[in-house]
Amino acid sequence: MTSFWSWYVTLLSLGTIAALVWLLLATRKGQRPDSTEETVGHSYDGIEEYDNPLPRWWFMLFVGTVIFALGYLVLYPGLGNWKGILPGYEGGWTQVKEWQREMDKANEQYGPLYAKYAAMPVEEVAKDPQALKMGGRLFASNCSVCHGSDAKGAYGFPNLTDDDWLWGGEPETIKTTILHGRQAVMPGWKDVIGEEGIRNVAGYVRSLSGRDTPEGISVDIEQGQKIFAANCVVCHGPEAKGVTAMGAPNLTDNVWLYGSSFAQIQQTLRYGRNGRMPAQEAILGNDKVHLLAAYVYSLSQQPEQ
């Protein structure tokens, strides 16, 4: 901030503290040194106030807060451009420096443990109980907001506990997904195949997983199959089982990221979808991602209950 505003904040802060000290001392003058049964002379609804001095503990508490405030403003940045003199923080304390200090301490304490697991194959790490506990905590802190605390996903966010993987479920593939993220784009087709085509393809796609067309809706499954063969097989494959290299889902199973109702599939066909998994390398680093990949991999290796 500019020098003017720095001095403004400084003088205002110190002036306020000085005013409070003056008020405290001024009101203390003239008070009785000892307690008395006399009142100040006024009564409200039968309630009278004794003419006694401020309790000493109350007065000392007030003084203590003033001393604390002055000490705080000396140690921490609170007076304009004053950076404070808190030991251990070159150039003054800041939230960023405090965070970095805590991170450095944590890395010093846990870094060797992360490095130990990073040197092991993901499959082997996935069998280590301590590693899974650490990976679970990383997941809860960084991934559960999208995939859920139980990792079973939600609308638009995949379930990580089954064996259905858009980009592949091999350990190193999972690690790559977490490290670098994924960008999946499903184009909209309403301007290409029209509303009738959307309806027919939706009916055909639902039929691939054994779903019937809702009553009252007329579709041409054969025509939908032709449109699918002409436009959709390049991503989803000729058998509609998906292509992991492109993140295109299998349309013949019962796993639906954006819903399997007739209306939801039409919505997907009409306007497309744009799914994005953010990269975590810059946030977590390779060693933590390695541990997290092992945890995610372990979720789909557990026997069904």
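The backbone N, Cα and C atoms fix where each Cβ goes, glycine too.
Quick look at what Swiss-Prot annotates:
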- Cys143, Cys146, His147, Met277: heme c 1 binding site (BINDING)
- Met186, Cys232, Cys235, His236: heme c 2 binding site (BINDING)
- 130-209: domain 'Cytochrome c 1' (DOMAIN)
- 219-300: domain 'Cytochrome c 2' (DOMAIN)
- 4-24: transmembrane segment (TRANSMEM)
- 57-77: transmembrane segment (TRANSMEM)
Find the longest CA to CA distance in the recorded heme c 2-binding set Met186, Cys232, Cys235, His236; express it in Å as a whole number.
-> 11
The transmembrane segment (57-77): which same-chain residues, six or more beyond its ends, come within Cβ distance under 8 Å?
-> 13-14, 17, 20-21, 24, 28, 83-86, 92-94
With DSSP as the reference, give the number of residues of the domain 'Cytochrome c 2' (219-300) in helix, strand and coil.
-> 47 helix, 7 strand, 28 coil
Determine which residues of this chain, when Cys143, Cys146, His147, Met277 are set aside, have a Cβ within 8 Å of the centroid of the heme c 1 site's Cβ atoms, and list them as they appear in the sequence.
-> Ser144, Val145, Phe157, Pro158, Leu160
Fewest Cβ neighbours within 10 Å, where candidates are the binding-site residues Cys146, Met186, Cys235, Met277 | Cys146
Which of the binding-site residues Met186, Cys232, Cys235, His236 has its Cα closest in space to the Cα of Cys143 (heme c 1 binding site)?
-> Met186
Secondary structure content, the domain 'Cytochrome c 1' (130-209) (per DSSP, counts of residues) | 46 helix, 7 strand, 27 coil
Counting distance between Cα atoms, which of the binding-site residues Cys146, His147, Met277 is nearest Met186 (heme c 2 binding site)?
-> Met277
For the heme c 1 site made of Cys143, Cys146, His147, Met277, how many Å separate the two farthest Cα atoms?
-> 11
Distance, Met277 (heme c 1 binding site) to His236 (heme c 2 binding site) (CA atoms, angstrom) | 20
For Cys232 (heme c 2 binding site), the nonlocal same-chain Cβ neighbours (under 8 Å, six or more residues apart) come out as Val201, Ala240
Report the mean pLDDT of the predicted model across the domain 'Cytochrome c 1' (130-209), rounded to a whole number.
-> 96
